[in-house]
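For reference, the structure is listed below as structure tokens.
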Amino acid sequence: ALSAALQALKLREGDKHCLVARSKCYLKLGDTENALKYAEASLKDDKTFYKGLYQKAETLYTMGDFEFALVFYHRGYRLRPELAKFSLGIEKSQEAIVNCIGSPSSVKLENKEDLCFISRQAEKLQIKLTKDQKWTRKQKPARNPKTERQLLGELYADKVYLEQLIKDKDLMASSTKQGIKVADLVLSGISYLEARSEFWRQQKPIYARVRERKLRQQRRVRDRKRRQSEVGRYVVKSMEDIDMLLTGGSPEESCKKAEHVLKTVQGWSDDEVPNKNELIGNLHSCIGNAQLEMGWTEAALQSHQMDLELARQNDLPDAISRALDNIGRIYARIGKFQQAIDTWEEKIPMAKSSLEKTWLFHEIGRCYLELDKAEAAQNYGQKSLQSADEEGDAEWQLHATVLVAEAQVKLKDYQPAIKNFEKALEKAKLFHDEAAEKAIINALDAVSKSFMEELNKKREEVAAHSLPDDDRSSENTEDSEDREREGGEQSTEAREDEEPEEDQRNDEEQGTAEEGGNEEGKETASGGGEEGREDE
């Protein structure tokens, strides 16, 4: 940096900014004389150059000329009061003066011309100290333990230990093997620590330390907030990408993205990610969903179980509910219906809305139906229907009604099942769901057939139970009635067969009678004729 400043000064000789930069370099190197020289050179042509004033004040402060440093800090402050560095310089110079000589009321500064004579400390310091002030400096003011602890830091415990050793007169009277008195060693250690404390007091007063500490805290808070904001944006963007990949039909890419984000989050501290455990659990859930879409049911089950474990460890109710939901789905998919029921029944108290309860009751009822526990399935189906009615969701009303009807079919309660299927069919028609309509119609036909078969069986059973006790007599009676019916039929057939013959005979008899009549007529007619003739 010094070589760069020298090169810049060669290129722009006499430039006040370059002179200030060169003064800063020398001050960093500990060459206060050259630092003061170039700081004063920067003010040669412009006494109001605030950067030169500040650099000269900083150099004087480093040299221990706190009074003259205070003068130039004040000059800079009058020119540029908005700059905090001048007000800080004034305060730290005043504190250094008080630490060195006590109250500044008796301090008198002799200002001759432009104070260029301060290049040497013996010529610069024009303060006349009274005998009392000199005695005060020799005696050193009583130190505040709190202040001393702040100045010495970890070394304060050593100083306290050495001060306690002084009270041990026997130890102080002893000597080491080399002949050095222990008292001299202890006193030299205390003197060294006091000297360091005084040096640090002058170099960085308590006010400056407090201010710097506050600034560091503010900087850390600001950096932490900025870091948290960046982390928050990264997390939100990553979760959106994971969800889009999964819903877009790319579960493998979604799984890879979630695993990468999980490794990144695990490497962050709790300060950077306040809800770190919750976020890790959510990422395990995303990984499990992607694995389930890829058909990796065992891996998906493990991921969701890790989500559940983290949620329980950190007492996260929403995460527990989410994990139980996903675990139940996997159990139902692989055919472990009882495990699915146990998992979802644990989730029931955590359901927050009627719609969530509707779905939950429906799925539990389905599992019971698969286990041929129709009565339990019907109960959960009715609970699902009740929750759907409370929510006013017609689609879930349809699903719940179908579930109840199917359970009633299993229970052979056909008439209510038919009514529920008819209600479900009406709702399916409202949604114009042709597939649902077709399925319900097929189910309704099957139930109707079963219902008719059941009715026929009941009729037969009723007829069988209504017979008298003497089955034989009833059977004989029925046989005789059958025989009578058969005899009647046979006589009827015989009569039908005999009717032509009887008709023929009747016709013949009728013909004979007619012939006889004719003959009698003839005889009568002939007899009458004879009698007539006789009369004539």
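Using the three backbone atoms N, Cα and C, a Cβ is placed for every residue, glycine included.
Remember, TrEMBL labels are computer predictions, not curated facts.
These come from TrEMBL:
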REPEAT    321-354  repeat 'TPR'
COMPBIAS  460-475  compositional bias 'Basic and acidic residues'
REGION    460-536  region 'Disordered'
COMPBIAS  482-494  compositional bias 'Basic and acidic residues'
COMPBIAS  495-518  compositional bias 'Acidic residues'
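Residues 281, 285, 288-289, 292, 297, 300-301, 304-305, 307-308, 311, 360, 363-364, 366-368, 370-371, 387-388, 390-391 of the same chain lie 6 or more positions beyond the ends of the repeat 'TPR' (321-354) yet place their CB under 8 Å from a CB of it. Each residue in the repeat 'TPR' (321-354) gets a DSSP state, and the totals come to 28 helix, 0 strand, 6 coil. For the repeat 'TPR' (321-354), the mean pLDDT of the prediction comes to 89.
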